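This report refers to the structure that appears directly beneath it.
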Amino acid sequence: MADPLVLGIETSCDETGVALVRGDELLVDAVASSMEEHARYGGIIPEVASRAHLEAMIPTIQKALGEADVDLSEVDAIAVTAGPGLVGPLTIGASAAKALSIGLNKPLYGVNHVIGHACVDQLVDGPLPERAMALVVSGGHSSLLLVQDIATDVVELGSTLDDAAGEAFDKVGRLLGLPYPGGPHIDRLAREGDPTAIRFPRGLTAAKDQAKHAYDFSFSGLKTAVARWVEARTDAGEEIPVNDVAASFAEAVADVLTAKTIAACHRNGVDTLVIGGGFSANSQLREMAAKRCAEAGIDLRIPPIRYCTDNGAMIAALGSAVVRAGVAPSALDIPVDSSMPLTTVTV
Ligand code: KG4
Ligand code: ZN
(Lines of atoms letter the chains of each structure in order from A; the text may use other names.)
(Lines give C-alpha, C1' and ligand atoms only; values in the text may rest on other atoms or scores of the structure.)
(Ligands and ions follow the chains in the order given, each with its own letter.)
Protein backbone atom coordinates (compact mmCIF):
# COMPACT_ATOMS: atom_id res chain seq x y z
CA MET A 1 0.00 0.00 0.00
CA ALA A 2 1.24 3.49 -0.85
CA ASP A 3 2.33 5.70 2.01
CA PRO A 4 -0.31 8.20 3.15
CA LEU A 5 -0.37 11.68 1.57
CA VAL A 6 0.22 14.23 4.34
CA LEU A 7 -0.56 17.94 4.09
CA GLY A 8 1.64 20.00 6.43
CA ILE A 9 0.90 23.52 7.66
CA GLU A 10 3.48 25.77 9.37
CA THR A 11 2.67 29.17 10.89
CA SER A 12 4.81 29.42 14.05
CA CYS A 13 6.54 32.68 13.09
CA ASP A 14 6.40 34.81 9.92
CA GLU A 15 6.30 32.13 7.21
CA THR A 16 3.03 30.58 6.04
CA GLY A 17 4.16 27.16 4.79
CA VAL A 18 2.04 24.47 3.14
CA ALA A 19 3.54 21.25 1.78
CA LEU A 20 2.57 17.77 0.64
CA VAL A 21 4.70 14.75 1.53
CA ARG A 22 4.21 11.06 0.74
CA GLY A 23 6.60 8.78 2.62
CA ASP A 24 9.89 10.69 2.48
CA GLU A 25 9.03 12.27 -0.86
CA LEU A 26 8.23 15.97 -1.05
CA LEU A 27 5.56 16.72 -3.68
CA VAL A 28 5.37 20.47 -3.16
CA ASP A 29 6.46 23.14 -0.69
CA ALA A 30 4.62 26.47 -0.94
CA VAL A 31 5.51 29.42 1.24
CA ALA A 32 4.37 33.00 1.79
CA SER A 33 6.43 35.28 4.04
CA SER A 34 5.53 38.46 5.89
CA MET A 35 9.21 39.25 6.59
CA GLU A 36 9.13 42.42 4.48
CA GLU A 37 6.37 43.82 6.66
CA HIS A 38 8.52 43.21 9.77
CA ALA A 39 11.85 44.50 8.47
CA ARG A 40 10.83 48.13 9.02
CA TYR A 41 10.09 47.39 12.70
CA GLY A 42 13.42 45.60 13.24
CA GLY A 43 11.71 42.46 14.53
CA ILE A 44 8.65 40.22 14.16
CA ILE A 45 5.39 41.85 15.28
CA PRO A 46 3.12 38.92 16.27
CA GLU A 47 -0.11 40.78 15.45
CA VAL A 48 1.15 41.69 11.98
CA ALA A 49 2.33 38.10 11.42
CA SER A 50 -1.06 36.68 12.50
CA ARG A 51 -2.98 38.84 10.05
CA ALA A 52 -0.55 37.95 7.27
CA HIS A 53 -1.03 34.21 7.99
CA LEU A 54 -4.79 34.64 7.87
CA GLU A 55 -4.60 36.34 4.48
CA ALA A 56 -2.02 33.91 3.06
CA MET A 57 -3.47 30.64 4.36
CA ILE A 58 -6.09 29.77 1.72
CA PRO A 59 -4.03 31.05 -1.25
CA THR A 60 -0.97 29.09 -0.05
CA ILE A 61 -2.99 25.88 0.37
CA GLN A 62 -4.45 26.37 -3.12
CA LYS A 63 -1.00 27.10 -4.56
CA ALA A 64 0.44 23.89 -3.06
CA LEU A 65 -2.44 21.73 -4.31
CA GLY A 66 -2.31 23.36 -7.75
CA GLU A 67 1.44 22.94 -8.18
CA ALA A 68 1.31 19.29 -7.11
CA ASP A 69 -1.86 18.70 -9.15
CA VAL A 70 -3.47 17.14 -6.11
CA ASP A 71 -7.13 17.39 -5.12
CA LEU A 72 -7.87 18.08 -1.48
CA SER A 73 -9.89 14.83 -1.37
CA GLU A 74 -6.67 12.84 -1.99
CA VAL A 75 -5.07 14.06 1.28
CA ASP A 76 -4.90 11.30 3.92
CA ALA A 77 -3.81 13.29 6.98
CA ILE A 78 -3.23 16.88 8.11
CA ALA A 79 -0.14 17.84 10.13
CA VAL A 80 0.22 21.25 11.75
CA THR A 81 2.73 23.01 13.98
CA ALA A 82 1.27 22.96 17.52
CA GLY A 83 4.30 24.75 19.03
CA PRO A 84 6.67 26.17 20.01
CA GLY A 85 6.19 29.57 18.41
CA LEU A 86 4.07 32.71 18.57
CA VAL A 87 0.59 32.02 19.93
CA GLY A 88 -1.35 34.16 17.42
CA PRO A 89 0.39 32.79 14.32
CA LEU A 90 0.20 29.19 15.66
CA THR A 91 -3.53 29.59 16.26
CA ILE A 92 -4.17 30.61 12.63
CA GLY A 93 -2.42 27.47 11.34
CA ALA A 94 -4.07 25.18 13.89
CA SER A 95 -7.51 26.58 13.07
CA ALA A 96 -6.99 26.00 9.35
CA ALA A 97 -5.74 22.45 10.02
CA LYS A 98 -8.68 21.64 12.29
CA ALA A 99 -11.14 22.98 9.69
CA LEU A 100 -9.53 20.78 7.00
CA SER A 101 -9.54 17.78 9.31
CA ILE A 102 -13.25 18.18 10.03
CA GLY A 103 -14.18 19.06 6.46
CA LEU A 104 -12.27 16.15 4.92
CA ASN A 105 -12.85 13.76 7.82
CA LYS A 106 -9.12 13.02 7.92
CA PRO A 107 -6.90 12.71 11.03
CA LEU A 108 -5.12 15.71 12.52
CA TYR A 109 -1.57 15.60 13.91
CA GLY A 110 -0.30 18.54 15.98
CA VAL A 111 3.51 18.33 15.78
CA ASN A 112 6.59 20.01 17.22
CA HIS A 113 8.16 22.74 15.08
CA VAL A 114 11.74 22.27 16.35
CA ILE A 115 11.68 18.51 15.75
CA GLY A 116 10.33 19.30 12.27
CA HIS A 117 13.55 21.23 11.57
CA ALA A 118 15.48 17.97 12.09
CA CYS A 119 12.96 15.73 10.32
CA VAL A 120 12.95 17.70 7.05
CA ASP A 121 16.42 16.31 6.37
CA GLN A 122 14.81 12.92 5.67
CA LEU A 123 13.25 14.38 2.51
CA VAL A 124 16.73 15.24 1.24
CA ASP A 125 19.19 12.74 2.71
CA GLY A 126 16.89 9.75 3.33
CA PRO A 127 15.81 8.10 6.59
CA LEU A 128 17.74 9.04 9.72
CA PRO A 129 19.72 6.24 11.37
CA GLU A 130 18.38 4.73 14.57
CA ARG A 131 20.06 7.35 16.73
CA ALA A 132 21.11 10.79 15.53
CA MET A 133 22.01 14.17 16.98
CA ALA A 134 20.18 17.29 15.82
CA LEU A 135 21.35 20.86 16.29
CA VAL A 136 18.50 23.25 15.53
CA VAL A 137 19.65 26.85 15.27
CA SER A 138 17.63 29.85 14.12
CA GLY A 139 16.42 33.27 15.18
CA GLY A 140 14.10 31.62 17.68
CA HIS A 141 15.84 28.44 18.82
CA SER A 142 19.24 26.93 19.57
CA SER A 143 18.70 23.39 20.77
CA LEU A 144 20.56 20.12 20.86
CA LEU A 145 18.36 17.05 20.48
CA LEU A 146 19.18 13.35 20.77
CA VAL A 147 16.85 11.75 18.23
CA GLN A 148 16.29 8.11 19.11
CA ASP A 149 13.17 7.89 16.95
CA ILE A 150 12.02 11.04 15.17
CA ALA A 151 8.33 10.06 15.50
CA THR A 152 8.28 8.97 19.11
CA ASP A 153 11.46 9.46 21.10
CA VAL A 154 13.38 12.74 21.19
CA VAL A 155 15.50 13.84 24.17
CA GLU A 156 16.37 17.50 24.69
CA LEU A 157 20.02 17.54 25.76
CA GLY A 158 20.28 21.31 25.93
CA SER A 159 19.08 24.69 24.67
CA THR A 160 20.08 28.32 24.88
CA LEU A 161 19.52 29.87 28.28
CA ASP A 162 19.06 33.33 26.73
CA ASP A 163 19.41 34.38 23.07
CA ALA A 164 19.21 32.02 20.11
CA ALA A 165 22.23 32.03 17.77
CA GLY A 166 20.46 33.99 15.02
CA GLU A 167 19.04 36.40 17.58
CA ALA A 168 22.56 37.08 18.91
CA PHE A 169 23.72 37.77 15.35
CA ASP A 170 20.79 40.14 14.81
CA LYS A 171 21.54 42.01 18.06
CA VAL A 172 25.24 42.35 17.25
CA GLY A 173 24.17 43.44 13.76
CA ARG A 174 22.12 46.22 15.31
CA LEU A 175 24.99 47.44 17.44
CA LEU A 176 27.26 47.45 14.39
CA GLY A 177 24.62 49.52 12.56
CA LEU A 178 23.68 46.81 10.04
CA PRO A 179 20.17 46.39 8.58
CA TYR A 180 17.72 43.87 10.10
CA PRO A 181 18.11 40.92 10.15
CA GLY A 182 21.81 41.39 10.78
CA GLY A 183 22.79 37.70 10.65
CA PRO A 184 23.55 37.41 6.92
CA HIS A 185 25.35 40.79 6.95
CA ILE A 186 27.68 39.72 9.76
CA ASP A 187 28.33 36.46 7.90
CA ARG A 188 29.37 38.46 4.82
CA LEU A 189 31.62 40.89 6.75
CA ALA A 190 33.12 38.05 8.79
CA ARG A 191 34.40 36.39 5.63
CA GLU A 192 36.61 39.46 5.10
CA GLY A 193 37.87 39.58 8.70
CA ASP A 194 40.32 37.81 11.00
CA PRO A 195 38.51 35.35 13.31
CA THR A 196 41.46 35.34 15.72
CA ALA A 197 41.67 39.15 16.01
CA ILE A 198 39.65 39.37 19.25
CA ARG A 199 39.15 36.56 21.75
CA PHE A 200 35.47 36.90 22.69
CA PRO A 201 34.08 34.71 25.51
CA ARG A 202 32.64 31.24 24.88
CA GLY A 203 29.51 30.99 27.05
CA LEU A 204 29.01 28.00 29.39
CA THR A 205 32.29 26.33 28.46
CA ALA A 206 34.07 26.78 31.81
CA ALA A 207 34.80 23.65 33.86
CA LYS A 208 32.20 24.72 36.45
CA ASP A 209 29.47 24.68 33.78
CA GLN A 210 30.17 21.11 32.66
CA ALA A 211 27.97 19.43 35.29
CA LYS A 212 24.77 21.38 34.74
CA HIS A 213 25.15 23.05 31.35
CA ALA A 214 27.40 20.81 29.24
CA TYR A 215 24.88 20.96 26.37
CA ASP A 216 23.30 24.35 27.01
CA PHE A 217 24.22 27.54 25.20
CA SER A 218 24.39 31.17 26.27
CA PHE A 219 25.04 34.03 23.87
CA SER A 220 24.00 37.09 25.85
CA GLY A 221 27.40 37.43 27.60
CA LEU A 222 29.11 37.25 24.22
CA LYS A 223 26.80 39.92 22.81
CA THR A 224 27.57 42.17 25.81
CA ALA A 225 31.30 41.55 25.37
CA VAL A 226 31.07 42.69 21.74
CA ALA A 227 29.08 45.78 22.80
CA ARG A 228 31.68 46.67 25.47
CA TRP A 229 34.56 46.17 23.05
CA VAL A 230 32.96 48.40 20.43
CA GLU A 231 32.03 51.01 23.08
CA ALA A 232 35.59 51.17 24.43
CA ARG A 233 37.04 51.73 20.94
CA THR A 234 34.39 54.33 20.11
CA ASP A 235 35.03 56.22 23.40
CA ALA A 236 38.76 56.21 22.62
CA GLY A 237 37.96 57.73 19.23
CA GLU A 238 39.34 54.71 17.40
CA GLU A 239 37.91 53.24 14.23
CA ILE A 240 36.01 49.94 14.64
CA PRO A 241 37.52 47.11 12.58
CA VAL A 242 34.03 45.85 11.70
CA ASN A 243 35.19 42.85 9.66
CA ASP A 244 37.43 41.60 12.47
CA VAL A 245 34.70 42.13 15.09
CA ALA A 246 32.23 40.21 12.90
CA ALA A 247 34.72 37.41 12.21
CA SER A 248 35.76 37.04 15.87
CA PHE A 249 32.15 37.08 17.04
CA ALA A 250 31.05 34.53 14.40
CA GLU A 251 34.04 32.36 15.32
CA ALA A 252 32.99 32.34 19.00
CA VAL A 253 29.41 31.29 18.14
CA ALA A 254 30.49 28.56 15.70
CA ASP A 255 33.13 27.29 18.14
CA VAL A 256 30.68 26.82 21.02
CA LEU A 257 27.93 25.31 18.86
CA THR A 258 30.21 22.76 17.17
CA ALA A 259 32.33 21.89 20.23
CA LYS A 260 29.30 21.13 22.42
CA THR A 261 27.48 19.26 19.67
CA ILE A 262 30.42 17.02 18.79
CA ALA A 263 31.07 16.31 22.49
CA ALA A 264 27.40 15.30 22.78
CA CYS A 265 27.77 12.95 19.79
CA HIS A 266 30.83 11.29 21.37
CA ARG A 267 29.26 10.96 24.80
CA ASN A 268 26.07 9.46 23.39
CA GLY A 269 27.75 7.17 20.85
CA VAL A 270 26.09 8.91 17.89
CA ASP A 271 27.80 9.31 14.52
CA THR A 272 25.20 11.23 12.52
CA LEU A 273 24.54 14.95 13.00
CA VAL A 274 21.74 16.95 11.39
CA ILE A 275 21.93 20.74 11.50
CA GLY A 276 18.70 22.60 10.77
CA GLY A 277 17.04 25.98 11.28
CA GLY A 278 17.62 29.26 9.44
CA PHE A 279 20.94 29.95 11.15
CA SER A 280 22.44 26.84 9.49
CA ALA A 281 22.96 29.17 6.49
CA ASN A 282 25.83 30.71 8.46
CA SER A 283 29.14 30.14 6.64
CA GLN A 284 31.30 30.12 9.77
CA LEU A 285 29.13 27.40 11.37
CA ARG A 286 29.01 25.35 8.17
CA GLU A 287 32.76 25.45 7.67
CA MET A 288 33.63 24.63 11.25
CA ALA A 289 31.02 21.86 11.48
CA ALA A 290 32.26 20.28 8.24
CA LYS A 291 35.87 20.35 9.40
CA ARG A 292 35.27 19.14 12.94
CA CYS A 293 32.76 16.44 11.94
CA ALA A 294 35.19 15.09 9.33
CA GLU A 295 37.92 14.94 11.99
CA ALA A 296 35.55 13.24 14.45
CA GLY A 297 34.19 10.70 11.94
CA ILE A 298 30.68 12.13 12.18
CA ASP A 299 28.35 12.06 9.18
CA LEU A 300 27.11 15.66 8.82
CA ARG A 301 23.75 16.29 7.16
CA ILE A 302 22.61 19.87 6.44
CA PRO A 303 19.60 20.22 4.12
CA PRO A 304 19.58 23.00 1.49
CA ILE A 305 18.80 26.37 3.03
CA ARG A 306 15.23 26.56 1.68
CA TYR A 307 14.39 23.60 3.95
CA CYS A 308 16.27 25.10 6.92
CA THR A 309 14.22 28.29 7.19
CA ASP A 310 10.65 27.79 8.39
CA ASN A 311 8.57 25.90 5.83
CA GLY A 312 5.65 23.51 5.39
CA ALA A 313 7.85 20.62 4.22
CA MET A 314 9.33 20.14 7.70
CA ILE A 315 5.85 19.78 9.22
CA ALA A 316 4.57 17.50 6.46
CA ALA A 317 7.77 15.41 6.83
CA LEU A 318 7.27 15.00 10.57
CA GLY A 319 3.54 14.33 10.04
CA SER A 320 4.45 11.63 7.54
CA ALA A 321 6.95 10.03 9.96
CA VAL A 322 4.40 10.11 12.78
CA VAL A 323 1.56 8.62 10.68
CA ARG A 324 3.82 5.82 9.43
CA ALA A 325 4.92 5.09 13.02
CA GLY A 326 1.27 4.50 13.94
CA VAL A 327 1.07 7.35 16.45
CA ALA A 328 -2.50 8.21 17.48
CA PRO A 329 -3.98 11.35 15.88
CA SER A 330 -4.44 14.51 17.95
CA ALA A 331 -7.79 15.49 19.42
CA LEU A 332 -9.59 18.23 17.50
CA ASP A 333 -9.49 20.52 20.52
CA ILE A 334 -5.69 20.53 20.95
CA PRO A 335 -4.38 23.86 22.12
CA VAL A 336 -1.32 25.49 20.61
CA ASP A 337 1.64 25.75 22.98
CA SER A 338 4.10 28.61 22.58
CA SER A 339 6.64 26.81 24.79
CA MET A 340 5.95 23.22 23.73
CA PRO A 341 8.60 20.96 25.30
CA LEU A 342 11.13 19.63 22.80
CA THR A 343 10.54 16.10 24.07
CA THR A 344 6.92 16.27 22.85
CA VAL A 345 6.84 15.16 19.20
CA THR A 346 3.03 15.18 18.87
CA VAL A 347 0.19 16.42 21.07
O1 KG4 B 1 14.77 29.96 10.88
P2 KG4 B 1 14.78 31.40 10.53
O3 KG4 B 1 14.59 31.76 9.09
O4 KG4 B 1 13.66 32.17 11.30
C5 KG4 B 1 13.62 32.45 12.65
O6 KG4 B 1 13.81 31.57 13.49
O7 KG4 B 1 13.34 33.65 12.94
O8 KG4 B 1 16.15 32.00 11.05
C9 KG4 B 1 16.50 33.33 10.78
C10 KG4 B 1 17.66 33.71 11.67
C11 KG4 B 1 17.80 35.21 11.78
O12 KG4 B 1 18.17 35.53 13.10
C13 KG4 B 1 18.91 35.52 10.78
O14 KG4 B 1 19.64 36.66 11.06
C15 KG4 B 1 19.78 34.29 10.95
O16 KG4 B 1 18.88 33.21 11.15
N17 KG4 B 1 20.58 34.03 9.75
C18 KG4 B 1 21.94 34.09 9.75
C19 KG4 B 1 22.33 33.79 8.42
N20 KG4 B 1 21.20 33.57 7.67
C21 KG4 B 1 20.15 33.72 8.51
N22 KG4 B 1 22.80 34.35 10.72
C23 KG4 B 1 24.10 34.30 10.40
N24 KG4 B 1 24.57 34.01 9.17
C25 KG4 B 1 23.73 33.76 8.15
N26 KG4 B 1 24.20 33.46 6.94
ZN1 ZN C 1 11.97 27.48 13.02
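Glycine too: its Cβ is placed from the backbone N, Cα and C atoms.
Here's what TrEMBL has on this protein:
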BINDING   His113, His117, Asp310  Fe cation binding site
BINDING   Val136, Val137, Ser138, Gly139, Gly140, Asp170, Gly183, Asp187, Asn282  substrate binding site
DOMAIN    26-316  domain 'Gcp-like'
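Sequence features, as recorded in TrEMBL, placed on the structure.
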| residue | record | DSSP (3 states) |
| --- | --- | --- |
| His113 | Fe cation binding site | helix |
| Val136 | substrate binding site | strand |
| Gly183 | substrate binding site | helix |
| Asn282 | substrate binding site | coil |
| Asp310 | Fe cation binding site | coil |
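Contacts of His113 (Fe cation binding site) defined by a Cβ separation under 8 A and a same-chain sequence distance of 6+ are given as Glu10, Ser12, Thr81, Gly83, Pro84, Gly85, Asp310, Met314, Ile315, Met340, in order along the sequence. Of the listed binding-site residues, namely Gly140, Gly183, the sparsest Cβ surroundings within 10 Å are found at Gly140. For the pair Gly140 (substrate binding site) and His117 (Fe cation binding site), the Cα-Cα distance reads 12 Å. Note on Asn282 (substrate binding site): other Cβ atoms within 10 Å of its Cβ, all shown chains, come to 25. A Cα-Cα distance of 19 Å separates Gly183 (substrate binding site) from His117 (Fe cation binding site). Checking the binding-site residues Val136, Gly140, Asn282 against ligand 1 with a 6 Å cutoff on the Cβ atom leaves Gly140, Asn282, in sequence order. What surrounds the Fe cation site, by Cβ distance within 8 Å of the Cβ centroid and not counting His113, His117, Asp310, is the set Glu10, Ser12, Cys13, Thr81, Gly85, Val114, Gly116, Val136, Ser138, His141, Gly276, Gly277, Asn311, Met314, Ile315 from the same chain. Model confidence over the domain 'Gcp-like' (26-316) stands at 96, taken as the mean pLDDT rounded to a whole number. All protein chains included, Val136 (substrate binding site) registers 28 other Cβ atoms within 10 Å of its own Cβ. Separating the Cα atoms of His117 (Fe cation binding site) and Ser138 (substrate binding site) is a whole-number distance of 10 Å. Among the binding-site residues Val136, Ser138, Gly183, Asn282, Asp310, the residues whose Cβ lies under 6 Å from any atom of ligand 2 are, in sequence order, Ser138, Asp310. Neighbour count (other Cβ atoms within 10 Å of the Cβ, all protein chains): 27 for Asp310 (Fe cation binding site). Taking Cβ-Cβ distances under 8 Å and a sequence separation of 6 or more, the neighbours of Ser138 (substrate binding site) in its chain are His117, Ala164, Ala165, Gly166, Gly277, Gly278, Phe279, Thr309, Asp310.
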